[in-house]
């Protein structure tokens, strides 16, 4: 049989909303998510897990309480478990997130209006 | 302080050998590895884990006993735990692998001459 690849750019074409991660694949109990980011997010952390950002298009800054990292397309960064961070993009960035299944974008599923629905596939 | 991004293309520039995965980042107990692939690999499987392939440059075919998947740059595929597979690239492909720390490229650290040194960082 012919297996289908997951074409990342084609998955991005299936949605336009920002700050709403979409799952495209799972590896064991981890998920690969795509998200469009623009503007400022909220400060948050993930108490139980590291979180990986891979920038696929545009530029992303991740602010920390003690500094920041600037990512351009083709760059990645792993935010350590428990470290407060706040993503920011001046213009829309396309980003892949990799993290365990069940992780909320705001670090807490009850964190308010910026919390996205979890486990939404595209 | 200014944190340093991991620039994937710059990491590829640091090595030229094929079939020797290099670790560039860790997330919890998972590793992100870069590898240059060309030609035919050996049939193998990973009994305890799924394995993720993201093609960054070139084209990669992953053969299975019951078919194959063709990946081009920007495509990804997760090979399920226990599924026999054999990567093949007609010309050199640059690939990111994501899998738990300690996974051997041949599925078995004692599998012979195609087994790469594990946990080599670049």
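Counting begins at 1 with the first residue displayed.
Cβ atoms are placed via backbone N, Cα and C, with glycine included.
Given the structure is predicted, the values throughout are model-derived calculations rather than measurements.
Listed in TrEMBL for this protein:
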type	residues	note
DOMAIN	B:40-98	domain 'Cupin type-2'
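When pLDDT values are averaged over the domain 'Cupin type-2' (B:40-98), the model yields 97. Mapped onto DSSP helix, strand and coil, the domain 'Cupin type-2' (B:40-98) counts 0 helix, 40 strand, 19 coil.
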